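First up is the structure itself, then whatever we jot down about it.
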Amino acid sequence: MWLLRLAWALAVLGITAGSSPGPSPGSSPTVPLLDKASIFADLSPAELRAVRTFLMSRPELGLSPSRGGPLAKNTLFLVELLPPKKRLALRYLDEGGPRPRRQARAVIFFGGQAEPNVTEFAVGPLPQPSSYRPLRFKGGRAIPFDARPMTQLEYELLHHTLVKAMEPLYRLLRDSTGFWYHNCSQRCLTFSDIAPRGLAPGERRTWMVLQRFVEGFFLHPVGLEVLVDHRDPDPGRWAVQQLWYNGQYFSSPQELARRYEEGTLAVAHLTEPPSQQLFSSYEPRGRFTTDTPTEVHGAKVCEPQGRRYRLRGNQLEYGGWSLAFRLRSSAGLQLFDLRFNGERVAYEVSVQEAIAFYGGHTPAAMQTKYMDAGWGMGSVTYELARGIDCPEVATYLDAHHLYDADGPVRFSRAICIFELPTGVPIRRHFDSDFQGGFHFYAGLEGHALVLRTTSTVYNYDYIWDFLLYPNGVMEAKVHATGFIHATFYTPQGRRYGSRVHSHVLGNLHTHLVHYKVDLDIAGTGNSFETMDVRFENISNPWSPGAREGVGDGSFPLPWHPRVGLLPAPSNGPDPAPIPHRYHLAVTRHHENEPSSSSIYAQNDPWEPLVSFEGFLRDNETIEDQDLVAWVTVGFLHVPHAEDIPNTATPGNAVGFFLRPFNFFDEDPSVASRSPVIVRPLDPPTFSQLEIQRWTPASPGPCVAPEPFAYNGTYRQE
């Protein structure tokens, strides 16, 4: 059995091996693991270019470049690996079957036709594609054009719409903020857009929060929010429908400007931002009262005798662990064929979605329900800084995305891999003789291998980790950091957040992150079990008449234990397209249910193309079947002054563990050669000790790393 333990819940949940062994999880001796892992590898730049070139050459598709030109055109939006069907992959991995065809998933926006739509295609075979076929969502529904993610071109057109619309407000903005929107150079306003974009399917109306364009502009709202209808394929027909300024609604920029000129407007005057030590910047300010040094380097991770993990292509090995991984542009990290000591634990463990539901008094705040797969969560994997985002000694890997671009874009150092000293032993024991000495001491130093990337989805930065421990435990974890999503402070807004600066309200919100865990324990025939522990009163067999137990007051505790669980889900319709209602849901594996969300959920959450509730309504047996666990973790974020300039990672991390439960005969970390055992040779004097270890007596000095360097660019090659 393998346990799935949620990091924030007192729950023990297990998926057990079925009665039938199923296919052997062993490896075919004729195919190296490296070659096997490559069926899950991301598309190379050459493959991405080949897919784009092939599709652009098809006259029936009528494709145009993504950048520039009109909005009403056919464009290639996304190209990424289309993973093989599980049954075909397992046949290849376990039975020596044929290698699955390598294919790409291509998303095309057909905006240049009478009835615009979005269509997904399977393109192959790679590396030289020669055919394509449409992909269908479960139920065969077409993808509405209004559900498509935003593009850089649409943002540029929105900017031009705002430039024209904000002209009447030049004096108001200049006088109240010192910044303005049109014909600006150094004192410009910018905007952050909100989603969903409307209140019903088919709408594309976006509230935009205007901010001063300074470092950390997310924390500099000026009190103006603008609603733009941009559904029409002709940007000339886009229009400002409403404005909100300092607590009041207006029907047009002209009305707001007129009220200002008449002197009947409640104006919010903002102070001039300082040129240095701006509150939204990272520049040091203030002093710690202890005056302990911070101007020197702190502790560092080092590998005094070299790396203890092996990376070959997308195949990663560490201790008993082996896995294949990829970084998909649509949603982020995805692990495949996760094994311990050669036995498959999971076929897939992957990030599915990250959402944040907000409350607020301003229209933008009350409308905000971010679903980050719709913002290219897996494609915004910018460069990791050596020594800060990951240790200097980490292995850094580039990523290539073709997402709203006219070719592959290289993201340098988007992934890092490193062994982390956890600072706590995996296990240890001091065996006291209770006379001032000991019989032995033994301990195993704590380490874990970390696979990491980040997603900077506009204001928020998510740090995604998978950790592999030598005792067969895997941890999935995400840290939230970056800038809070802030709106303009009004007294009415205090009900929905905290005043974190003079004119800034940090809005209350809930973070929810969803994972797919396709466990295959000793084959695909698994069952789902829960372990429920109850108190029991029994007669004491060695003292007749006495009773043993807890709960009847016979053994009072110094504290009163209480366990709180979330309420059971209601029977009403689910307003969101991901399973935020459920800590854990278990379904049977189906090839047409590869993910719980989609890149279209953000802009059409009312009629989602992927309905997780539909996964559950199948009402199928989950006994001795190929099962998938869907895990939701999250936390409530009540912003506070300490979120300035950024939300800090301590206290803002959630995740879950996979733990073996009677799967091994003993703790598998006994295979590690890193323990230390100390035994006294001459008790009770303890002047001679036997120190037993299987690693060098001294780790040696850490090698000084190269000076810090950072590039930060991500460009089409």
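Note that Cβ sites are derived from N, Cα and C of the backbone, with glycine treated the same way.
Database features, via TrEMBL:
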SIGNAL    1-18  signal peptide
DOMAIN    47-131  domain 'Copper amine oxidase N2-terminal'
DOMAIN    148-247  domain 'Copper amine oxidase N3-terminal'
DOMAIN    300-536  domain 'Copper amine oxidase catalytic'
ACT_SITE  ASP372  active site, proton acceptor
MOD_RES   TYR460  2',4',5'-topaquinone
DOMAIN    581-669  domain 'Copper amine oxidase catalytic'
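Within the set of recorded positions (ASP372, TYR460), the lowest number of other Cβ atoms found within 10 Å of a Cβ is recorded at TYR460. Note: the CA-CA distance between TYR460 (2',4',5'-topaquinone) and ASP372 (active site, proton acceptor) rounds to 10 Å.
The average pLDDT computed for the domain 'Copper amine oxidase N3-terminal' (148-247) is 97.
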